[in-house]
Amino acid sequence: MLQIVFDSLSLGSLYALGALGIALIFGVMRLVNFAHGDVIAFSIFALLWPSTDAMAIVFAGQLPWYLLIPFVLLVGAGLSVLCEIVVFRRFRRANPATMMIASFALGFVIRYFLLMLFTSRPKSISLLPMLSQPVEIFGARLPLLQLITIIATVIILIGLTLFLRRTRFGLEMRAAAENFSMARMLGIRANRVIMGAFALSGALAGAIAMIFGSQTGTVDIQMGASIMLMAFIATVIGGLGSLAGAVLAGFLLGAASVIMQVVLPVDARPFRDAFVYGAVILVLLFRPQGLIAARGTKERV
Amino acid sequence: MTDASLSTLPPALANPRKPARFALARRTIITPILLSLLILAVAIVTVMTGSRPFNQAMIDIMVRVVLVVGLYIFIGNSGVLSFGHIGFTCLGAYAAAWLTINPLMKKTSLPGLPSFLLEARLPYWQSAIIAALFAGLAALIFGKVLMRLSGIAASIATFAVLAMINTIYSNWESVTGATSSVVGIPIVRVIWPYVGAAIVAIFIAWGHAISRSGLALRAARDEPTAAAASGVDIPKERLIAFAISGVIMGLGGAATAHSIGVVTPDTFYLGLTFITLAMLVVGGMSSLSGAVIGVLLLSALIQALRWLEAGVPLGSTTFALPKGLQEIALGVIMIVILALRPAGLIGNREITLFRVNRNK
């Protein structure tokens, strides 16, 4: 029982962090960033040396953990900011559909860039191997990693909340999310806020990459896609643009996946994700605006 | 449209006479005719060259015309991006496979099919029609739910539909053969059925666009608040377009199945979604001509990049692009076109005989 709780919390953490990364960018520029999943994949591949072998040649991955973690986060943030400067800045005035397609294309470019360097074969990698030992808590044996995932997520969430609530930059970002043109008129620099949002979102992508990479022990150029899909769905269920909603919905999706894995009969288990998507559509039937509807997303006339 | 009716408003007020019944149809029919002639011309050139790989490449293009026109019917007219339509293509392709594979083969490879499907062996055109209707029915059911959402939320929810269909078809061993490919679909190597399908799709798209529902939907795309205030039931009009485009996507799926003879769930996933959306957006999302021209242009580009990837003899050395560069180039070109021309190459105009007409 406790095992289920921890499983769903740690899966939910991944989805929540992903959803947060997407919701942050959506909040400030109404961009649904389809390249997010590929930023996740990229930040983990940055640890490897380009090769076509199945066994990964670790390059930066041998750093001690206190350097490794900042490195991955920085790679994610850097790539994300680069995407903003090179691509998304050109689309500030475009309508959301055009931006969405552009981000889709950008994600494609990043993915095939990785494919060119690393081929499409999944590679095995052991990141932070000391985390895979089990620990015993309240009579349940869990991998230490699961515990750390949950703790790290909680720390990230608290940190982000403090950042958004207590710092000037956080205030600017929240103001921009609420009403972008009004915020600009009151003297908030658009470029700075948007780049800040991209950097945060990229760092979150790096965090997901770390957690996911050490959980599965393999890296794959497709690995971002499945998390990203769930994260997108979480942002929609949570209410587009609402950060709290995104996190809540991420944890709910994680819980739903784990519970269905346990409850469903064995024959139906491969279809778990289909059931989760079906449940999502049902939720949207009853709350089309999401669980927590954000202010400022509804178009004013 | 609006411009024309505005300028004729005073006489229309003085003399409240209804416009001639098929005035709109007569004025716009030249577009689908020209597009069909373009496609026929491509097909005739193909048949005249008589080269088999070229024939196959042109069949692929015709199939993509069907798919992208199907996307246009919903995305172009409603302005809501959908990532789920390739899911309906998947449904159509498997339905066509179930209906046409030799029953003896089906009994061993797909034993879980219901008996009426196990015994069925229809000619390809009948199976294509049934597959299209099946996909349309699925689109109607999904659309009923999805069309209640607002634009961006609906777009992402369609993604869930795509993933859901893909998960089911990749795991339902006894009915879809899971991730292994379903073989034995009769292959049609003549180009004419595909040309026919493309032309049918173009005319259906045109017919929908000038229908009452299509006009209302485009009004809702451009001015949602005003349209809703004028009594346009936006979810209903979107649902109609979603179902019609589902039918066309199913037709395209059946055409894909018969053109390559093999179906796997991953043929109909993110890759195809990306390529077809790219074609639509590059050509011009809200224009039927844009959809067709986008397919022709990007297909030519992809073909050229493939050719370069395979290697071109250049003097004594062979010049070849590394693998994966084709997709990267495609993505970069798309981003550039979108940055320079956010409305696509054609914009929201249509080709007509006399002048390039604004189609609003």
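Using the three backbone atoms N, Cα and C, a Cβ is placed for every residue, glycine included.
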What range among A:12-32, A:222-242 does TrEMBL describe as transmembrane segment?
A:12-32
Dominant neighbour of the transmembrane segment (A:99-118) in A:12-32, A:65-87, A:138-164, A:193-215, A:274-294, by Cβ pairs under 8 Å:
A:12-32
Grab the same-chain neighbours of the transmembrane segment (A:193-215) for me: Cβ-Cβ under 8 Å, and only residues 6 or more beyond its ends, written as numbers and ranges.
10, 13-14, 17-18, 20-22, 24-25, 27-29, 33, 36, 39-41, 43-44, 69, 72-81, 83-85, 88, 125, 127-128, 131-132, 145, 149, 152, 156, 160, 169, 172-173, 176, 183, 223-224, 227
Of the stretches A:12-32, A:65-87, A:274-294, which racks up the most C-beta pairs under 8 Å with the transmembrane segment (A:138-164)?
A:12-32
Could you give the residue numbers and ranges of same-chain residues that sit at least 6 residues beyond the transmembrane segment (A:274-294) on either side and whose C-beta is under 8 angstroms from one of its C-beta atoms?
27, 177, 230, 233, 236-242, 244-245, 248-249, 253, 256-257, 260, 264, 268
So what's near the transmembrane segment (A:12-32) in sequence-distant terms, Cβ-Cβ under 8 Å and 6+ beyond its ends?
40, 88, 91-92, 96, 99-100, 103, 149-150, 152-153, 156-157, 160, 173, 176-177, 180, 193-194, 197-198, 200-202, 204-205, 207-208, 211-212, 227-228, 230-232, 234-235, 238, 240-243, 245-255, 294
